[in-house]
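Residues annotated as active site, proton acceptor in Swiss-Prot, with a curator's inference given as evidence: Tyr159. Summarising the annotation, Swiss-Prot assigns NAD(+) binding site to Ser21, Gly22, Ile23, Asp42, Asp66, Val67, Tyr159, Lys163, Val192, Ala193, Thr194. The Mg(2+) binding site annotation in Swiss-Prot covers Trp254.
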Amino acid sequence: MDYRTVFRLDGACAAVTGAGSGIGLEICRAFAASGARLILIDREAAALDRAAQELGAAVAARIVADVTDAEAMTAAAAEAEAVAPVSILVNSAGIARLHDALETDDATWRQVMAVNVDGMFWASRAFGRAMVARGAGAIVNLGSMSGTIVNRPQFASSYMASKGAVHQLTRALAAEWAGRGVRVNALAPGYVATEMTLKMRERPELFETWLDMTPMGRCGEPSEIAAAALFLASPAASYVTGAILAVDGGYTVW
């Protein structure tokens with residue numbers, strides 16, 4: 001192992017869902033800086049255009065697709081493979097909804113599960129086929145510390161349940177594909193300063209509790225999550241599969 005290049009992704013082609021914004025976009029920045037070619041996937045065409053313009057020559061293709069559509073993910077994988085063999089998949093697309101369980105409507109529950117769980121499986125299955133056939137690949141899933149603990153003071157049963165499912169899906173695929181050369185791992189971020197958490201961070205009754213319960217006393221930055229994703233996708237993690245890597249400022253050590 002060459003320690004000078006072990007975190008590089010030169011020659012790799014990485015497909016990233018949710019690539020148009022937030023942590024997904026930050027992961028694209030990290031991968032591009034490390035030499036990867038990128039397949040950007042997002043349901044928002046305008047967000048993809050902005051991301052592609054920023055990332056420039058690193059972008060091999062941009063695909064407008066909704067992860068909740070299984071057929072769209074199959075088509076996206078085929079389109080991506082026609083450009084270059086995809087050796088890395090990052091499942092970053094995700095949503096969160098705050099709600100009390102007794103007041104949760106069916107549509108909200110189904111939407112969260114459709115994006116966070118179904119979408120991750122559809123994408124993993126679609127891109128995993130070629131990886132398994134080639135005998136090589138790495139998948140990085142965006143889980144959450146919410147898949148391990150119960151958040152407070154806010155309630156979000158659908159989000160927590162979905163991220164618990166993400167962690168188990170990660171382990172299941174890791175076990176199934178380990179002997180076929182494909183590694184599958186997940187990140188479990190804590191509270192991160194993204195657009196998705198902005199409205200919650202502006203509520204003192206939530207934000208102050210978050211900081212009090214985080215040993216490091218602050219939110220994470222998207223770049224800190226992207227750096228962890230880079231590790232899991234890179235040759236540096238060649239003997240790592242089925243891991244749920246906490247990147248939460250120590251929140252889950254309590």
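Yeah, the Cβs are placed from backbone N, Cα and C, and that goes for glycine too.
Positions of Swiss-Prot features highlighted on the structure.
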| residue | record | CB count, 10 Å |
| --- | --- | --- |
| Ser21 | NAD(+) binding site | 19 |
| Ile23 | NAD(+) binding site | 25 |
| Asp66 | NAD(+) binding site | 18 |
| Tyr159 | active site, proton acceptor | 23 |
| Val192 | NAD(+) binding site | 22 |
| Thr194 | NAD(+) binding site | 20 |
| Trp254 | Mg(2+) binding site | 8 |
Between Asp66 (NAD(+) binding site) and Tyr159 (active site, proton acceptor), find the distance joining the two CA atoms and give it rounded to the nearest Å.
19
Report, in whole Å, the straight Cα-to-Cα distance of the residue listed as 'active site, proton acceptor' from Ser21 (NAD(+) binding site).
19
How big is the gap, in Å, between the Cα of Thr194 (NAD(+) binding site) and that of Trp254 (Mg(2+) binding site), rounded to a whole number?
24
Write down the Cα-Cα distance for Trp254 (Mg(2+) binding site) and Val192 (NAD(+) binding site), rounded and given in Å.
18
